[in-house]
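Enquirer: Dropping a structure here in structure tokens format, bear with me for questions.
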């Protein structure tokens, strides 16, 4: 078996065909796969039984001895045929082959007589329908038209064009249509060429423009465009969307007909024929659409797979075509019906089978079909099953605990329990598809599981599988149970005082409230036990005014949401109207006429007040300026007294000045860099005469380094209250090792 392809598949499938009346017809079908293989045929979905007229050959092909479009009993051999092949693993169905009888109708357009002046353009047309498409040839005076003549153009749809007419082109024309069904002749038409070539100017004119065409890829399209005018117009082609037409497979027939060979989907579009007068912008246009269809073909085929019992199998089938093909799935030759564990997604491109079991083992086919053709591909699903796996868990029960919690319990399987390594609980909302299922793993010694974070008032389905290292057991029985209903949550509540006898309770709608039918509002005086209410409000109401209140007491307002499961927790707020009453007393309503009269007096008072304030500020500034000048003169005298004594250099570090009889702090004497009175700072604050400034500056630089500021305050007391006191110096501290001696 493994020497050949193990997959059941078609090597040759039947194809569309046109049969000739009373002639034999053979439809081919060849299959490969593991034997034995049985082949049968269907027509229009009905099984074909062997008879004298139609029977199956040894190679699996179907032979029709005498094809008839209509039989005596009214039946017909026309229709859609397919062959089916079946072996031990499943069944596959071939693509549908459309069989039609060869026919030919009568001509429905015949050539017409024409009289055209010399140098002009003549056009004859005949049309006839038939299967297959008839081939149309033209005869002139009972002889085939000479196609080597460049002035004669034969188009596939039965059109004959003659340009640059001459006298010898006059004659009798007719067309001959031929296919496998018949040969037919059209009526005759006479062409008369009159006069000589005219030199009168004529605007460009399109006699016949392109028709709308619908063709299939790889066919040939001919877009006709014939124009007249004097001088003879130039015919050009373009696409309405502005895209280039290209050059590959493009050919111009005659004087302006466009032929596109080996059509592709990209050739679809609207084509514009333009007749231009030479050397000018004078032009006439005509347009026609070209639709190119492509039969369905697979971009991705489904692949055969093997999966253990209880897992998920996914087949993917992607097809393309123009128009886009429709995808249908078959299971062993029958149309696949979806269910809870069989789902189709992505426009039927993806087939998912959840929780597979042995009954799902089959051959699955993907059929892609559009108006241009159909195709099929198949794949096999093999379900793996190991002997000795546990039987399904027993006695699965689910009990509701709360609005969001359910407890599931079960008993161990009856058979093959030694190799169990754990259990898996499968959870799903009963209304959800199977792919929304999720699982929770449980140890082998646990026989109950608390499932939390569920939704209130919702039905859930549960089943259990036992797992071993070699695979899973079959699923247990499914149990369905609903969670309890949940009362709404607390609403948010705020109170706004409207006046001395009314308040407004407002709240916001929120998803957090959950499902609720409405609100209940209560209120009371805080010293009373009895509430007023409930006031029932709809679920869309968000405010309520409470009126006729007593302004002298405090009120309690309570709001709660309710539903069919009961009342939710309430939100309580307290409110007092006393402050509103007091504000009303303290701020009585204004007398607008009286205020208007008082406004004039108030304005005059404001102006007088501003003048008084400005005057006070001016006097204050003058007082400060004169006071500052007197202080400056006094401080200069103090500075002269302080600079008079000449203390030796050796004693400066041991003696100091004490102002107002106050001694320096002890830390100033022990500090080698102790702070001294900064003369430079005094000079900056109280500048002296230039000569005095230079003298003081020289003394400072010559006798001592700059010192930092102290918090010494300069007083303006009389000079006789100052005294110079010489303090006994403390022993100088030793200089640091390796350091310089103190200054």
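Cβ coordinates come from backbone N, Cα and C, glycine included.
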Enquirer: Out of 585-605, 606-626, 627-647, 648-668, which range is noted as transmembrane segment by TrEMBL?
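Expert: The listed stretch tagged transmembrane segment in TrEMBL is 606-626.
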Enquirer: Output the single range from 8-100, 105-192, 295-382, 487-583 maximising the number of Cβ pairs under 8 Å to the domain 'Ig-like' (204-287).
Expert: 105-192
Enquirer: So if I exclude everything within five residues of the ends of the transmembrane segment (606-626), which remaining residues of that chain have a CB under 8 angstroms from its CBs? That is, six or more out.
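Expert: Contacts of the transmembrane segment (606-626) (Cβ under 8 Å, skipping residues fewer than 6 from its ends): none.
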Enquirer: Give, as a single whole number between 0 and 100, the mean pLDDT over the domain 'Ig-like' (204-287).
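Expert: Mean pLDDT for the domain 'Ig-like' (204-287): 92.
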Enquirer: So how many of the residues in the domain 'Fibronectin type-III' (392-486) end up helix, strand or coil by DSSP?
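Expert: Final tally across the stretch: 3 helix, 47 strand, 45 coil.
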Enquirer: What does the DSSP secondary structure composition of the domain 'Ig-like' (204-287) look like, as residue counts for helix, strand and coil?
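Expert: Within the domain 'Ig-like' (204-287) the tally stands at 3 helix, 44 strand, 37 coil.
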Enquirer: What does the DSSP secondary structure composition of the domain 'Fibronectin type-III' (487-583) look like, as residue counts for helix, strand and coil?
Expert: 9 helix, 48 strand, 40 coil
